Amino acid sequence: MSKLKSRGIDPPFLILVGVLVIFGLLILYSASLSLGNKRFDNPNYYFKEQLLKGVLIGLVGFGLALKVPYQFFKKYSFIFLIASIALLILVFLPDVGFAFGGARRWVKLGPIFFQPAEIVKLTFLIYLAAWFEARRKDIGSAFGGLVPFLIIIGIIGVLLLAQPDMGTFGVIALSGLAMYWVAGGRNRHLGFIIALGIISFFALAWIAPYRWQRITVFLNHLENPQGSGYHINQALSAIGIGGIGGVGVGKARSSTYLPEAAGDSIFAVLAEELGLLGVSVTMLLYLFFGVRGYQLARQSPDYFSRLLTVGVISWILIQSFINIASISGSFILTGVPLPFISYGGTALSTTLIAVGIVANISKYRTT
């Protein structure tokens, strides 16, 4: 690291992160007013919680991620992963882990509530980048690269699917697959992984009626509009009402009745308030973020930093795509938050730490 000359944080990337955070706060504030008033008799409840537990903690983490040499994360990658997996196991312990909406995904340690799966997203990608670098010559082989890669993902998958949290596992698996491809995985191995993933997806859906129901709702959301199709129908209605220019900030009716209006469904509220114009701005922000992020990956000073940057940027883009596609009826409804925008302190703070590492790496870009 001492031989690398710092050029300073990449300005375009830093600006994009700042704009996404501010934009997300504004959208959350507007989308959560009615919900906060209804649940807590405080219209600003969700905004304040996001500001304190998401932005404030996230900015502290962002600053720390900038200050330490990025090789620090490679050195302790295995410890980070094991620690986060231990937190993931705590979800299943009585009086420590607790459920919401039918899924056991949260941990309470004293006054602190958090979602370990969000932390695992980052620690898994850090470990995977370090692991790929250590096995650089073996990535193309079946038993040196493919099989161990599948075992690592499988361990994380078992813990996440037991919660159950198929959406988060999908994001992690696809982000890992992007890293595997960049690391030099063979095309036939990639094809095998994709085929295995598709088969596993339908097998898991077949044995869990609620998952299979989501597939049938995706294929025909009008079959049971007041039952299983209620969520997606209300989301599509909100998007349609928004039209081109939207109904105006703070005027979305969907925020009062749409499930998870401030969380996973916030894109529908955004679309109703800001219309197609607001949706276009949102998607362009993610597009510019992705383009600049992948450019920084190409300019990264070493193998580990390149793979980690690819992993972080892919994670945020894949998760954004899944959220927007599912809420707009283009994909099976999946409970993953919209990065930088959805309510969730653990998700936002972890995302800010992740982009802080990328910003750190950007200081040593080669061109």
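Note: Cβ is positioned from N, Cα and C throughout, glycine not excepted.
Please treat TrEMBL annotations as automatic predictions, because they have not gone through curation.
If you check TrEMBL, you get these features:
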type	residues	note
TRANSMEM	12-31	transmembrane segment
TRANSMEM	51-70	transmembrane segment
TRANSMEM	77-100	transmembrane segment
TRANSMEM	112-132	transmembrane segment
TRANSMEM	139-160	transmembrane segment
TRANSMEM	166-183	transmembrane segment
TRANSMEM	190-208	transmembrane segment
TRANSMEM	266-289	transmembrane segment
TRANSMEM	310-334	transmembrane segment
TRANSMEM	340-361	transmembrane segment
With contact taken as 3 or more Cβ pairs under 8 angstroms (pairs 6 or more apart in sequence), are the transmembrane segment (310-334) and the transmembrane segment (112-132) in contact? yes
Beyond the flanks of the transmembrane segment (139-160) by 6 or more, those residues with Cβ under 8 Å of it: 85, 88-89, 117, 120, 124, 127-128, 131-132, 166, 168-169, 172-173, 176, 180, 183-186, 189, 192-193, 196
Between the stretches 51-70, 77-100, 166-183, 190-208, 340-361, which one has more Cβ pairs under 8 Å with the transmembrane segment (112-132) than any other? 77-100
May I ask whether the transmembrane segment (190-208) has at least three C-beta pairs under 8 Å with the transmembrane segment (51-70), counting pairs 6 or more apart in sequence? no
The answer for the transmembrane segment (166-183), taking Cβ pairs under 8 Å and residues 6+ beyond its ends, is 117-118, 120-121, 124-125, 128-129, 132, 136, 139, 145, 149, 152-153, 156-157, 160, 190, 193-194, 197, 204, 211, 297, 306-307, 310-311, 314-315, 318-319, 322, 334-336
